[in-house]
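Colleague: From TrEMBL, here are the annotated features:
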- 51-235: domain 'Dihydroorotase catalytic' (DOMAIN)
- His62, His64, Asp151, Asp304: Zn(2+) 1 binding site (BINDING)
- His64, Phe65, Arg66, Asn96, Asn277, His308, Phe322, Gly323: substrate binding site (BINDING)
- Asp151, His178, His231: Zn(2+) 2 binding site (BINDING)
- Asp304: active site (ACT_SITE)
Amino acid sequence: MSLVVKNGKTVVEGNQLKAINLKIEDGKIVAVSDQDDIEVADGDQVIDLAGKLVSPSLTDVHVHFREPGFEGKETILTGSKAAARGGYTRVAAMPNLNPAPDTPEKFQAVQDIIDQDAVIEVLQYAPITSELKSDELVDMAHIDAFAFTNDGFGVQTAGTMYLAMQEAARVGKPIVAHTEDESLLFGGVMHEGIKNKELGLPGILSVTESSQIARDIHLAEATGVHYHICHVSTEASVAAIRDGKARGIHVTAEVAPHHLILNELDITNDDAKFKMNPPLRGEKDQAALLEGLLDGTIDMIATDHAPHTAEEKSKGFLHSPFGIVGIETAFALMYTHFVKTGILTLETLIEKMAITPTSVFGFDTPTLAVGADANIAVFDLDTAYTIDPKDYLSKSTNTPFNGETVYGMCALTIYQGQVVYQA
């Protein structure tokens, strides 16, 4: 039995759309037409998209699925279902787990859960160092991860990071970095700026991030490693990355939707739904992030989907954990705030959420061409939708965007030719 997807639209250039109809068999796209002329056999499944946008499915290189160790927040099953609802068929899960997948055996144990439960492709990161906090490097040569990261923590010792980059370069794997100099934290819980002073809360300096990025770019130059920077949030960080790229260093970077859409002035009170790490920064930082995304300094959009329970997030900035969920609403939020307002083209948004995240890490670039894997997302650009926690497939609903009206929610996700989400 084949799957025929008809009466869709796809991006040609900029915001220009054209009709598209697809036929899928055995996980592959076998026919593509801009006319309603694809042959439908008896028994074929037909889905009429009624003019909705058809795109290669999205890739998110930064999610937290919490399993094993923190299944009350999220599991691989619920996280992958949430990702499918957002239009994603490939995500990369961070290793801040219990136990951390820092040996070949522990890594394989997580992989076994993924193989059993995930409804989409879930790539598991391995830590850079044992338990993510030590200076003892993991056995990179024998852990079957696509990349290594201590996300949640910066690698504090320059010598440790240098040795890690050397080894990662030797085995041909990227180093992915949460950049944060802990000696500059001073107990901060939100950006050191205007709002932390108004609320009487300790601030997180911008230099906490940018100083470690500057250090690591020098180390990447010395070692030749592919160095990828997580959730960039400051103007100085963007400048350092731009300079590193201009010098020919293999550095790439991501930005989260919340850092593009919000800044510290959007925080109205001591409400931990606005607490994430890195924090919401100042207006100049926000503008620099957008400029960096537009000029290619920042390569991609990644959600940093970080689920926590409602109880955990009810304790204000001082006592709640960092992080918000985002994978179910990322495309719609970005489309509403930046494409509908004319800041980004639809083509650019798809490039930053579907194309670049794959090419940067060496995966096959997704297309809607005959012979391609049938990994497809369909978005409703015309219907208004109010973000409602009761609709989430994630176990957690901790986000400041609840209640916001958006356009571009995912209507259908196909992974390897199978429907894994349908609104």
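Cβ atoms are placed via backbone N, Cα and C, with glycine included.
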Colleague: Give the sequence-ordered set of same-chain residues, not counting Asp151, His178, His231, with Cβ within 8 Å of the centre of the Cβ atoms defining the Zn(2+) 2 site.
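Modeller: Sorted by sequence, the hits are His62, Met94, Thr149, Gly152, Val176, Ala177, Thr179, Cys230, Asn277, Asp304.
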Colleague: My understanding is the cutoff is Cβ-Cβ under 8 Å with a sequence separation of 6 or more in the same chain; which residues meet that for His231 (Zn(2+) 2 binding site)?
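Modeller: The answer is His62, His178, Glu254, Val255, Ala256, His259, Pro278, Ala302, Asp304.
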Colleague: Tell me which residues of the chain lie with their Cβ under 8 angstroms from that of His64 (Zn(2+) 1 binding site), as long as they are six or more apart in sequence?
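Modeller: For His64 (Zn(2+) 1 binding site), the qualifying residues are Glu74, Ala93, Met94, Asn96, Asp304, His305, Ala306, Pro307, Gly323.
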Colleague: Tell me, how many other CB atoms lie within 10 A of the CB of Phe322 (substrate binding site), whichever protein chain they belong to?
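Modeller: Total other Cβ atoms inside 10 Å, all chains included: 17.
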Colleague: How long is the line from the C-alpha of Arg66 (substrate binding site) to the C-alpha of Asp151 (Zn(2+) 1 binding site), rounded to the nearest angstrom?
Modeller: 13
Colleague: Do you know offhand how many angstrom separate His308 (substrate binding site) and Asp151 (Zn(2+) 1 binding site) by C-alpha?
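Modeller: Spelling it out, the Cα of His308 (substrate binding site) and the Cα of Asp151 (Zn(2+) 1 binding site) are 16 Å apart.
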Colleague: So, three-state DSSP: helix, strand or coil for Asn277 (substrate binding site)?
Modeller: coil
